[in-house]
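Engineer: Got a structure for you, questions after.
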Amino acid sequence: MTPKPNTTSPTNNLPLLSKDSPDIESLLILNPKVQDKANAVPSAVTKKNKHNWKRNEEKGCGSTCGESKLKNDFRDIKHTTLSERGALKEAMRCLKCADAPCQKSCPTQLDVKSFITSISNKNYYGAARQILSDNPLGLTCGMICPTSDLCVGSCNLQASEEGAINIGGLQQYACDVFKQMNVRQIVSKEVRENRNASHKEQVALIGCGPASISCASFLARLGYTDITIYEKRAYIGGLSSAEIPQFRLPYDVVDFEIQLARDIGVQIETNRPLGKDGLTLAKLKEQGAAAVFIGIGNPEPKIDPLFEGLTIENGFYTSKNYLPAVAAASKPGMCGCKRTPLPTMRGRVVVLGAGDTAMDCATSALRCGASRVTIAFRKGFTGIRAVPEEMEAAKEEKCEFLPFSAPRKINVKDGRIVSIEFNKTEQDDNGKWYEDEEQIVILKCDYVISAFGSTLKEDAVLSALQPCQLNKWGGIEVDSTTQQTSEKWVFAGGDVAGVAETTVESVNDGKIAAWNMHRYIQSLHGNQVSETPELPQFFTPIDEVDISVDMCGVKFENPFGLASAPPTTSGPMCRRAFEQGWGFILTKTYGLDKDLVTNVSPRIVRGSTSGPLYGPNQGSFMNIELISEKSCEYWLQCIRELKRDHPTKIVIASIMCVYNKADWIELATKSEEAGADILELNLSCPHGMGEKGMGLACGQSPEIVKEICRWVRACVKIPFFPKMTPNITDVREIARAARDGGASGVTATNTVSSLMHMKADGNAWPAIGSTKRTTYGGMSGSAIRPIAMKAVSSIANELDGFPIMATGGIESAETGLGFLMAGASVLQVCSAVQNQDFTVVDDYCTGLKALLYLSGAESLKNWDGQSPPIEKHQKGKPILLQGQKKMPFFGKYRDEREKLEAIKLSESNLLDTENYHFASRPDTQVSRVPTVEDVIGKALPRIGPYVTLDNQEQKVAIIDDDMCINCGKCYMTCNDSGYQAITFDPVTHQPHVTEDDCTGCTLCYSVCPIPECIEMVPRTGPWKAPKRGVKPSVEPGTPKVVKVDQRGRVILDTTGGMQ
């Protein structure tokens, strides 16, 4: 037998201090332990146990039994829906490819790479702006696009094990956050100032569906001021409102996108059908319309002659009367009704068709009470036209599928449908399909919904479309490259034009039509317009925010520039950077020709700080690259050319010399004469150059730094900034020496000296030559951001008002704003470009504008930058039942929760708008937008020495059971790295914080995978002294801080006074 361990001290019979007490041992029962034996549990037991933990559907019964559990449940069903956490994780996974195939596969040509880059940088406005610039219905399309057949189908990550990016979900998330910002669209200043008489021409659009909304939006962005959409229904949105179910596309989304169009002058008139009340093409032209767009869809259903005479009273629907009836009863805000009953669907429903509409009919039927839904179609599963996303949704909701079935007869008894008969379909060896009347299937049913497509056949409408020519299928004859009809002034798009089969293709029809309508209208005024579309982008007041900044009398268009690094290896690279929008560049550090270098290779490697993460978004790089290999005259000439061609951009010459007065004077003078706006003195290169008596060899000595600064100050008039090294005990000493030597400011900081990869055979990476030697290199990237942030803030606090150029881990507008608030004036970027390309600057500029604008909005004070408050959710979707103790989201608890949810849904009013965010005008009001100068140093008053912190305002952790996914990470870290203050229920796996034991260390909060599932809240009750283990001879208090001087030094009261 294993001897029982001692629990008391052999000397004084007291409990062992180095052993957990019995209550802690009980708490640790589920804490991981190293296993020294294999596990063995009978399968009969594991088969039973697994049901206690399942989060997915049980396999087995393939259909619903009795009334559908989905009745009245119009909550979001999309697997693509994301929370902020999910969106950031997915966006970080994106490769942001060159010549991205996802964009090529998008009908509207969305710049997918760019908007996902913005999402990964938490610039949701920038992402939404990119999306809405190319697709005014970006939120709708993010929700319902058949992405597997479009962008996602072309994603290069399809070639990897982890699979393609959830592009639709990311698009939905970014646009939804912008929707919550409630910022109006405006016409850009450039367009407003260039309007002429042609922009007053009257434009009419018929039908308020996706194609018309898109067309009208682009025409308004082009500057047209008299745009009217005529809609036959009492509500707007077309098919998006009437036929796409609420659980896929909520009405508040449609309302939001139409409000954006109204913001820029688009007028909408409802109850104006084509063919009635004088609304015809001829009348519109008589009334002064210069151009007309037809976007009426295909309003009539295709009905098999088999169903002639059948009505709703018999139990027969078409998709064209069923889905609008469901929408009217389930889409809050659509028609202004307070309560409208859903179509009754008790019993068995058969849906005919295999397209997306058929799947919508089937899943809607379950929500109307159907006990069983069968989708019957003529061909096999391989011939289903519905996109995989739609079919999988129907399958998951237990719809049945009946392939190879063509309806032959509907049986009616006492005026109600009782069954439907099918012939089996076959395909011969030549690929021709036929019906085999010898193989008959009779399916009992109570309702039949026909979803065999739609057409345009109403005589009044066809008459109103004259003189437009019709094609042989009865649709409008349209030029598919311009959307122009046989009449030059009439254009058409969407279903009625015959090419578009999806919402996004309809949107694109409207987009193409808008440009060609613009060309046509301009031609009437004798103005020539390019055949290649030049459509204005989406624009809001955010885009008018000024992010320029003055530093040392030099005006920067924006605070983002390229550091002296690989992105500025050559003059042409610097020029391209300016063309993409960077506010300034630093040349690659150059010296006199006598100090020219030759680099080794390999020399720039991915860091080890990101673990096994390959591809973009590396947390760090390590380089052993030296300064520029190009001559001094090369760089002087490049500076001359860049300043000549880009006079408003700022060129900063990065220079380096040995510790020699004549050399510094010569190089600084030549650089100033070439036209450099500012000099940066590279006194901090951490590898290679120090061994030559340059770089770090100069920058670690305050005396040398001060003297070099004096030499340069004496010979140039332009500002200069010595570049600080982080490889020193106190960077403030070097900064102070630079200031005392006459420097205009400093750059903080250079890379951190490091050694990255060590392989199993003892070789490091990078390994040079046949001997595989290596050296210490400079680490850059987000991994050094905390070091750089500390350097910037400490210098700013030490030298009040001293200008600082920050560098080190700046990779977004948000991180850049952090450096500005820590005291920096402008921001240098390197590793973020190495991870991506020069175009990231557009994301940084829009992101900074948005951050400044939103900070001035009182109504958004509870936002964290561009991140809205986190609502309680599971899988990115709101929780219907909140505060249900002891009821996690798995096993039997999941079943119990679903039953309670069904009860609540059955009692709810589906048309209640309370839980939806509808667009409101006036939009978010901003009192004053801060400038960049306003935010510089804003955080400094709250950054200081440790002894200024109050150790009696304690906080403790609290865990939200509604958001918890029961992983136990908080429990484990508290046990093995903290204070054993969290219990973990063995049955529900719900963690709970014991407040008396919690010290507020925040480890649990830090490792929790769900943001804000754990919150740090003030401790209740009076302050309690820490558990000392053994009672101290004296219980210390907190020293009183008498004074904190400007250099951060703390003066304490040492007379014994304690707080």
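Cβ from N, Cα, C; glycine included.
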Engineer: Need a hand: Swiss-Prot gives Cys106, Cys145, Gln171 for [4Fe-4S] cluster 2, which of Cys97, Cys151 is also on that list?
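Structural biologist: For [4Fe-4S] cluster 2, Swiss-Prot names Cys106, Cys145, Gln171; of Cys97, Cys151, the listed one is Cys151.
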Engineer: Of the candidates Asn599, Asn617, Asn623, which one does Swiss-Prot list alongside Asn682, Leu683, Ser684, Asn750, Thr751 as binding substrate?
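Structural biologist: It is Asn623, as the record lists it for that site.
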Engineer: Per Swiss-Prot, which of Cys141, Cys155 sits in the [4Fe-4S] cluster 1 site along with Cys94, Cys97, Cys102?
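Structural biologist: Record source Swiss-Prot; matching candidate: Cys155.
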Engineer: Among Gly615, Gly695, Gly778, Gly781, which residue does Swiss-Prot annotate as binding FMN together with Ser564, Lys588, Thr589, Lys723, Thr807, Gly808, Gly809, Cys830, Ser831?
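Structural biologist: So the FMN site in Swiss-Prot includes Ser564, Lys588, Thr589, Lys723, Thr807, Gly808, Gly809, Cys830, Ser831 plus, from the candidates Gly615, Gly695, Gly778, Gly781, Gly781.
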Engineer: Run through the Cβ atoms and count how many others sit within 10 Å of the one on Ala234 (FAD binding site).
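Structural biologist: Neighbour count, Cβ to Cβ under the 10 Å cut-off: 10.
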Engineer: Closest of the binding-site residues to Asn682 (substrate binding site), Cα to Cα, picking from Cys145, Ala234, Ala354, Gly453?
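Structural biologist: Out of the listed candidates, the nearest Cα belongs to Cys145.
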Engineer: So, three-state DSSP: helix, strand or coil for Asn682 (substrate binding site)?
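Structural biologist: It is in a strand.
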Engineer: When a 10 Å sphere is centred on the Cβ of Ser564 (FMN binding site), how many other Cβ atoms does it contain?
Structural biologist: 28
Engineer: In this predicted model, what is the average pLDDT of the domain '4Fe-4S ferredoxin-type 1' (84-118)?
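Structural biologist: Summarising the domain '4Fe-4S ferredoxin-type 1' (84-118) by its mean pLDDT gives 98.
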Engineer: By the count of other Cβ atoms within 10 Å, pick out the sparsest of the binding-site residues Thr502, Thr589.
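Structural biologist: Relative to the other binding-site residues in Thr502, Thr589, Thr502 has the fewest Cβ atoms within 10 Å.
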Engineer: I'm trying to understand the geometry here, so how far is the Cα atom of Gly498 (FAD binding site) from the Cα atom of Cys830 (FMN binding site), in Å to the nearest whole number?
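Structural biologist: So the Cα of Cys830 (FMN binding site) lies 49 Å away from that of Gly498 (FAD binding site).
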Engineer: Listed binding-site residues are Cys97, Cys145, Ala211, Thr589, Leu683, Cys1008; which of them have CA atoms within 10 A of the CA of Cys967 ([4Fe-4S] cluster 3 binding site)?
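Structural biologist: Cα within 10 Å of Cys967 ([4Fe-4S] cluster 3 binding site): Cys1008.
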Engineer: Any idea of the Cα spread of the FMN site, Ser564, Lys588, Thr589, Lys723, Gly781, Thr807, Gly808, Gly809, Cys830, Ser831, as a max distance in Å?
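Structural biologist: Max Cα-Cα spread across the FMN binders: 19 Å.
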Engineer: Find, for the listed recorded positions Cys97, Cys145, Cys685, the residue with the lowest Cβ contact count at a 10 Å cut-off, counting only other Cβ atoms.
Structural biologist: Cys97
Engineer: Which ones are near Cys685 (active site, proton acceptor): of the binding-site residues Cys151, Gly453, Thr751, which have a Cα within 10 Å?
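Structural biologist: Near Cys685 (active site, proton acceptor) by Cα: Thr751.
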